[in-house]
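*Asks:* Got a structure here, written out as structure tokens. Questions coming.
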Amino acid sequence: MIVLPVFGLLITVAVQRIHGECQFPDQWSGRWFQSGVNHYININSTSITTKGECVQNVSDKFLIEDRDEDCRRCLVITEKHQNVIQYKENAICEKRSLDDLCGEITSDAPLYSMFRVDATPIPCPFDGLQAPFHFSYSRGGYTECKSPVSKADSCTSDSRLMLKFQACPDVLNTESTVEELLCLATWKDGSTKYMIGKLEHTPTSSDEDKYRCFVVGKSNGGSFEMAQSGDATCNGMSSPTDGSRTMKFNRVENHHHHGVGNGCRYPSWLTEHHTWHSLNHGHVYHFSPRNGTLRKSIPGAGPDHDIRAACYRVLNNTDNKATIVTHYTIGCQSGYACMRFYRRDNQVVEVQESENPMENSDDACRPDNFHSQLLTYSTLVPPSPKGRDCPFAGRYEISGGLNAEDVGKALAASRPGSENNPDKPTPCNPPGKQYLTVGCNSPDTMEFQSECGTKTVAAYTCYGHWKNEVTDVNYVISTPQGRSAPNSRRYCFI
């Protein structure tokens, strides 16, 4: 009578110890897709929803208990990439040990692949080769479709590739279609390079249609081969020349991405600062280290909203102005656009950009496509500009009926928290005179002052200035003092 409870207690303790020691790696936690399973699979530290609870683990072998069926399976699990898990399992669920069950798994047992849902994409693993490419393809062993040539275009993100398939009239099983490839994972088994990608066909495509396994061949000069699986698994994939669909890619020569030969570069006076911000920080312009590519981004919007403008042809370049044809990429759509840069000061440039990218590079900067008199100017400054001497040093009385309240509202209203600022100007009755002092307390400072209360309403640091010789208008770029952080707004005084 006494022995059984004690024995039962010992068994309970032993089982708890085994359960406590068996845990899946932390990086496996999350939601996963597996072909043939009609819902996502959840993995946490101790369980897989479609399999059960982990009760024992030795190296890559996991003993999984199915509580509903009251039996166990062995899973041999391999992490190929942070976004890919593959496993084999014994076919029959039985109440046996890990060694017994795992020993029954043969080398030719089915291999199952799981792909992480909402995985972070990776740069497409094409040995550093960048689109655009020309490519031929074949499906299911049919004749290769070579003419008309199919094209692969780059996207703003290096994780995406736009595949534009052409139909060959004399080849069966070919069609004109566009597919967007998103690269999610890559790994090597021996000398074989694998890649997992998602192909976007139509908005209604299912995960079974989207996920595909690829074998990517080694690049030879500017070319490489790639094979694609026919379903959302890697079963039977071992060669870049054998798959449900095979492709042969050839890099398009004399293109902006491979431009050591064409030497297209943005002017040095523009790339002296590799990063420029618009005055309201709505856009950031960043030049690549070799000064051949400009990336225009919206802070906080993510890389899919970036615009990439690769230098394609410099039409003219002086010390203060440059007109450049660029290969313009927005998402996975591309064309040729005209950009004109103006050097206003060492720390100030302005840019005009054509509104509609053209298919032909020769059309980008034509007057009927690039209306310089109608296009707006974007004014850019470096992230952390240095103070420069303000123009027109002196003290000026402000005319036109402005009072301290008017000046305060006009100059301070856009400052965050200004409505609660105890130092904001208060109206005077009767209103006193208003003054602008330039370079009096410091050469790089403008101050708006009020006779009422004899205090400064607002002070600004000058960063650059220039004069429009046609309109005879002077411009001054500045920022409110006390807000020297890189994300401080800049203001243009005319």
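Each Cβ is built from the backbone N, Cα and C atoms, and glycine gets one as well.
Pulled these from TrEMBL:
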| type | residues | note |
| --- | --- | --- |
| DOMAIN | 21-103 | domain 'DUF7044' |
| DOMAIN | 121-250 | domain 'DUF7042' |
| DOMAIN | 262-373 | domain 'DUF7043' |
| SIGNAL | 1-20 | signal peptide |
*Asks:* Can you work out the mean pLDDT of the predicted model over the domain 'DUF7042' (121-250)?
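*Replies:* Per the prediction, mean pLDDT sits at 92 for the domain 'DUF7042' (121-250).
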*Asks:* How many helix, strand and coil residues does the domain 'DUF7042' (121-250) contain under DSSP?
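*Replies:* Helix, strand and coil residues of the domain 'DUF7042' (121-250) number 4 helix, 66 strand, 60 coil.
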*Asks:* What does the DSSP secondary structure composition of the domain 'DUF7044' (21-103) look like, as residue counts for helix, strand and coil?
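*Replies:* So the counts come to 10 helix, 41 strand, 32 coil.
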*Asks:* Let's see if you can do this one: DSSP helix, strand and coil counts over the domain 'DUF7043' (262-373), in that order.
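*Replies:* For that range the per-state counts are 10 helix, 54 strand, 48 coil.
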